[in-house]
Amino acid sequence: MHKLIIHGGTPLKGSINISGAKNAVLPIMAASILTDKLHITNVPKLTDVSTMKDLLRSHGADIEIIEHQDEFELIIDTKNINNFTADYEIVRKMRASIWVLGPLLTKYGKAKVSLPGGCAIGARQVDLHIAVLKAMGAEIEIEDGYINASSKGRLKGPHFVFDKVSVGATINAILAAVLAEGETVLFNCGREPEIVDLCNCLITMGADIAGIGTSEITIKGKDSLNKASYKVLSDRIEAGTYMFAAAITKGDVKICGIDYHIVENIALKLIETGIKVVPINNGVQVTYEGKLNSVDLETNPYPGFATDLQAQFMSLMTLSSGVSMITENIFENRFMHVPELCRMGADIVVRGNKAVVRGVEMLKGAEVMASDLRASVSLILAGLSTNSKTVLHRIYHLDRGFQDLEKKLSNCGADIKRV
């Protein structure tokens, strides 16, 4: 099994190009089921993308892959979909597999999807997915670990209020509603840029969607959608991760290929800590200026601070000049990186959904183990900050969400190798 060897202590200097957003491309790939052909560009080279390709092919899709140096193009032909079951063997690898449920159900009137897998960071129940589809008229039962869904005729657009903000359920609801009969109005929706990107793709396909980027989305169902081409937006989580990498290594890095407005909440939090962050043409520049203040943080649905960057921010706070309180409001059990950071000399105490981080002068290298995707990269950031050697095990998580991570960091001076 591969591992990463990191020799820290070098400030990162240079520029990093950001890849396409994983959390946007996966639902957009699922949206291909709604039409006959979808051409997607700026597709990142990630194992989760490969898993979604395998899933779509299992349903009967034909996928042409055009490989470029830094991205894929995908041409997904779904006119011959003939299998409506998403098997456990594929779905267990990735929670995003559940996003085929809405498209299969709304277009074909039936779908059978295994209960999903993915990172081990909490229950992340599918109740809201099921509730909104039932409100559209679907009949749904859970049997033997599968969601069995069917409808008599077309789904019908409801007025539906999500009990809590759910990115995943918002996506499934939108994917189902674009072909449902009548008007769907969804309240308390996720507002994430990746949801906006999905909606923009669907509009390119001919969907009628209003309220994009707000908590109230209105969709007028169409009889069918068109073939289309669409470029996926850049990954704000990847961008934020490298912004924190620049800060924790006392570096100076230009993050390129990202719209500043979708990373502005990250930039503002870094500025609070004393890091210099300025917008540049097609990106942002992050520069350490000699101090790192302790800052409290709460994760919240967008435009709040992303839970997917909580672990990276915690790594930064381990070296701050004071005490910070980090509150995780999205997922339970998302502090699994804490024991590993403590192995490296961090002073962190977890109390329920809160972590108290007391800054130390320096972390030290150690052998550590990744528990999930975002935890793994937080340990890399910690390793880069030390003046010694860190060995990171179970790095297969990284390839689910970060393209060419070692290469991008090495190009900025990091000593990091996969062995």
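Yeah, the Cβs are placed from backbone N, Cα and C, and that goes for glycine too.
The feature phosphoenolpyruvate binding site is assigned by Swiss-Prot to LYS22, ASN23, with sequence analysis given as support. Swiss-Prot lists ARG95, LYS164, VAL165, SER166, VAL167, ASP308, ILE330 with the feature UDP-N-acetyl-alpha-D-glucosamine binding site. The active site, proton donor annotation in Swiss-Prot covers CYS119. The feature 2-(S-cysteinyl)pyruvic acid O-phosphothioketal is assigned by Swiss-Prot to CYS119, with sequence analysis given as support.
Positions of Swiss-Prot features highlighted on the structure.
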residue	record	CB count, 10 Å
LYS22	phosphoenolpyruvate binding site	25
ASN23	phosphoenolpyruvate binding site	25
ARG95	UDP-N-acetyl-alpha-D-glucosamine binding site	18
LYS164	UDP-N-acetyl-alpha-D-glucosamine binding site	9
VAL165	UDP-N-acetyl-alpha-D-glucosamine binding site	19
SER166	UDP-N-acetyl-alpha-D-glucosamine binding site	23
VAL167	UDP-N-acetyl-alpha-D-glucosamine binding site	18
ASP308	UDP-N-acetyl-alpha-D-glucosamine binding site	22
ILE330	UDP-N-acetyl-alpha-D-glucosamine binding site	23
Which value in Å gives the longest Cα to Cα span across the UDP-N-acetyl-alpha-D-glucosamine site residues ARG95, LYS164, VAL165, SER166, VAL167, ASP308, ILE330 as recorded?
19
Alpha-carbon spacing, LYS164 (UDP-N-acetyl-alpha-D-glucosamine binding site) to ASN23 (phosphoenolpyruvate binding site), which is rounded to whole Å
19
Hey, how far is VAL167 (UDP-N-acetyl-alpha-D-glucosamine binding site) from ASN23 (phosphoenolpyruvate binding site), Cα to Cα, in Å?
10
Can you tell me how far the Cα of ASN23 (phosphoenolpyruvate binding site) sits from the Cα of SER166 (UDP-N-acetyl-alpha-D-glucosamine binding site), in Å?
13
Quick one: pull the CA-CA distance for SER166 (UDP-N-acetyl-alpha-D-glucosamine binding site) versus LYS22 (phosphoenolpyruvate binding site), whole Å only.
17
Using Cα positions only, nearest of the binding-site residues to LYS22 (phosphoenolpyruvate binding site) (VAL165, ASP308, ILE330):
ASP308
So, in DSSP terms, is ILE330 (UDP-N-acetyl-alpha-D-glucosamine binding site) helix, strand, or coil?
coil
